[in-house]
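Chemist: Take this structure first; my questions come after.
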Amino acid sequence: MKLLKPSWVNHNGKPIFSVDIHPDGTKFATGGQGEDSGKVVIWNMAPVLREEDEKNENIPKLLCQMDNHLACVNCVRWSNNGLYLASGGDDKLVMVWKRAAFIGPSTVFGSSSKLANVEQWRCVTILRNHTGDVMDVAWSPHDVWLASCSVDNTIVIWNARKFPEIVMTLKGHTGLVKGLTWDPVGKYIASQADDHSLKVWRTMDWQLETNITKPFSECGGTTHVLRLSWSPDGQYLVSAHAMNNSGPTAQIIERDGWKTNMDFVGHRKAVTVVKFNPKIFKKKQKNGSTPKPSCPYCCCAVGSKDRSLSVWLTSLKRPLVVIHDLFDKSIMDITWTLNGLGLLVCSMDGTVAFLDFSQDELGDPLNEEEKNAIHQNIYGKSLAITMESQLSSTIIENPEMLKYQQERQGNQNPNGAQGSGPENQTPKLTNVLNGESLEDIRKNLLKKQVETRTADGRRRITPLCIAQLDTGDFSPALFNSVPILPGSSASTQLTSQISSDSSTANSLGLRPSHDPTTTSPSKTVEENKDSGTAAVNSIGMKSNLLLTSASKIEPMKALDSRFTERSKATPGVSSVPLTITPLDRVKDNSSAKEPKGKDETSSDSEDKIMTPVSAEKEPSRLTTPVAVLKLPTPSIQKSFSTQVSTDAVTYLEVENEVSVVSGARLSQLKWSREGREWDTLLPSRIIVATGSSDVVAVACEDRTLSVFTTCGRRLIPSIMLPAPMSALHCSGHFVMALTASATLSVWDVQKQTALVKNESLNPILSGTDATVSHSFLTQQGVAVVSLSNGKTYCFNSSLETWNLIADKQDSLVQCADFRSCVSSQDALGSTGPLALTQGRNLSAGRLASRLSSTPHHFQQGITLAFLENQLSAALILLSASEYRHWLLIYARFLVNEGYEQRLRELCQDLLGPVHKSSSSSWEPTVLGLRKRDLLTEVLPVIGQNLRFQRLFTEYQDQLELLRLK
């Protein structure tokens, strides 16, 4: 062990009340008394760690000094992700600081030019609520909450995602509250006060879990602070300033039953501060010796008014080291480096000391897996929960819930997440997840539990633990953790956060999760349809999400291109020039890239630019065969060829007027696919030919429509159309015709029925000067028509209505922000007619949500409305995969934002009535998906927010009953 007192760390002789090392270990902050104000200083860690850096003039020691507090600063604490520093002082304020980017060095106000700030930290939020001095502040695991306590006897829990929102004020202490600590998973927060009590509060409902008074009843006198600490494995909570047989002690409280049977004894005066090492250790193995199974242990530093410091290992009966008279006055605060080997201590006398331990002295820190093992055992199977959404963690009352919480961890690189409570029920598990039934998972967990007996015969389950990062990696929660509140300094905070954090996000390969999980990446990339390659950037590469906006932000008008330019043959297919303006002749190969492929018949002559529609009265559709022409028709060519995108590439070649037989001109249609081919003759010139994997449709000049099978057999006699053909599409065995008189028909040629009969486009064209810019037929036989004004409609044959499914100008799309609700698997799920019509718009939405400064609740409403639109659009387009995709995103959004009623309504609809009755109109399937199967997919999502665990359990049980029935 090395001991060092860097004299250059000082507040000009004034007391230092608090010290905290940054999670990345490169800097540390001190807080205390300044000249005539409170002072927070950020120092460089390198000169403390290495002597050569201390001597090197070019390495700055002081990085930044902030004098904003009006009175003495009592506590400084870095957030777990390292982005923020919170400080609390005698001016009753809590200030949250963030590093400002791109500002040159500035000098400390009123100082000589020597004191230049190397880094710029600025106050982004001031939290005002306490009516007395703020004594301690503490960030919860994953920075969901920030707690502060004060001499006004209260503890305030602030929502760290939405400063300055207050989640709760905890009242109950009758004396000055002087210390706070969170348990490692954010399930409890403990506070200690001058009223001789230590209180533990649950974060689930912010109620008092236990009130411990016995060890403090004899305490006389007060200490300036009572900094207590929770062990990293969650087993022990150690208090400051307790008494045992009139000797000062640090009381050890066991998480198991809140028992108070042990303490750290030996200091001559009251203990002011206790701090656990963030690591869990095991004994160092001697070289060559066979590894003995040793019990893991924690390490704790204790500081006292008697100016001495002791360091304890929970595996030893006596301290590892005691340093007497380290300072001239009481010790005020202790902080460990994240790697667990360095320790900084500060004192009322205005100096700090640094202790450097070696691994030989402390032991080997456990790695992820060992820690997992420990935690799993302490907490039984109810493993840790990384709660990024609203709640950190609570007791898991339901074994299935646990599974989803665990999965969540797996995906998210949890930051020191650990288990919660031994409270479990015996499960009746039968769900299968990833091919492994939960029953098996449960058995495996039980196998891993290691029991030991303590001397007094009590059973102890050795803890297993869940990942803890040691590199100071940032928890994904930090992205989009800051909602934008107009007028609050947080809005500035966000913009800089985007610029600076995106790089971090990328380098760490994190998905911004808000879960903070991510917007549908497939939208981001929008299947890069315009590039000829099938560039569907799979966002299995979790990182590129955050940045897509930067790389792909085109001016908004460029987004329309997806709508206006849709028709050109795939590369390598000759296309005969049409007599159309060239603008729209860029056929995109979307069809080739769509998984199902048949959605689109990219025939060369099919999508025309339409001339503006005169909004004249729609001719009645049956009486007048010669309708008023509204939509342009393709010009007739001598010959042309089209590639039809089906599973295998199919070519249609048309040659008009091949020969003249007895005065009639014959035209030839030739079909070829993979070496098979056929041809047929028609008595009139062919205008449009197109096909799908099942049929081929051809429209002729004499207004007839002929349909053939893919072997060339005619399916039905020629259909007479009410007007010349404007666009023709096939998909599966559906055929769609859009005529020049702006009427639409869709037939199912297999069943020989009409799905849509001569339906007028008047409802969508009237009152606008828009024309049809693009149309297609989905695989389910739904006709989709896009207009030049950016709106896209589909015709619903059961409702007999035109429904708006996409609108480029829709402000909801521009501002909806659901990045956090998209998981990486979803990235692939959203190809289909809806994705096709909306095009790249969705990425624009994400861009807009960053730039617009809408208040959170408003943004929330926009996103909710948008997701509900998407869901209903997928339903009306009969697009099952997209419906499932948006349903899961919608469910995640409801879970993250806490919309309980909507969530319940959704679950109820998916579950349906438990008892069959003739009167119930409930349909068990939606778009061919079984609703109850969808519910089993939605439940794990609900299982990730403990606030809804009752709802989760209720539907889980009902599903189980139905399954057994």
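Cβ coordinates are placed from backbone N, Cα and C, and glycine is handled just like the others.
Below, the features straight out of TrEMBL:
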- 1-362: domain 'CAF1B/HIR1 beta-propeller' (DOMAIN)
- 66-98: repeat 'WD' (REPEAT)
- 127-159: repeat 'WD' (REPEAT)
- 170-201: repeat 'WD' (REPEAT)
- 405-430: region 'Disordered' (REGION)
- 407-430: compositional bias 'Polar residues' (COMPBIAS)
- 490-507: compositional bias 'Polar residues' (COMPBIAS)
- 490-536: region 'Disordered' (REGION)
- 562-621: region 'Disordered' (REGION)
- 584-620: compositional bias 'Basic and acidic residues' (COMPBIAS)
Chemist: Over the repeat 'WD' (66-98), what is the model's average pLDDT?
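Modeler: Summing pLDDT over the repeat 'WD' (66-98) and dividing by its length gives 89.
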Chemist: Going by DSSP, how much of the repeat 'WD' (66-98) is helix, how much is strand and how much is coil, in residues?
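Modeler: Split into helix, strand and coil, the repeat 'WD' (66-98) gives 0 helix, 19 strand, 14 coil.
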Chemist: Apart from its near flanks, which chain residues at least 6 from the ends of the repeat 'WD' (170-201) lie with a Cβ under 8 angstroms of it?
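Modeler: Contacts of the repeat 'WD' (170-201) (Cβ under 8 Å, skipping residues fewer than 6 from its ends): 132, 135-142, 144-145, 147-151, 153-157, 207-213, 216-217, 219, 222-234, 237, 239-241, 251, 253, 255, 258, 384-385, 387, 392-395, 416-421.
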Chemist: Within the repeat 'WD' (127-159), how many residues are helix, strand or coil going by DSSP?
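Modeler: Going by DSSP assignments, the repeat 'WD' (127-159) contains 3 helix, 20 strand, 10 coil.
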Chemist: Reported in the order helix, strand, coil, what are the DSSP residue counts of the repeat 'WD' (170-201)?
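Modeler: Tallied per class, the repeat 'WD' (170-201) gives 0 helix, 19 strand, 13 coil.
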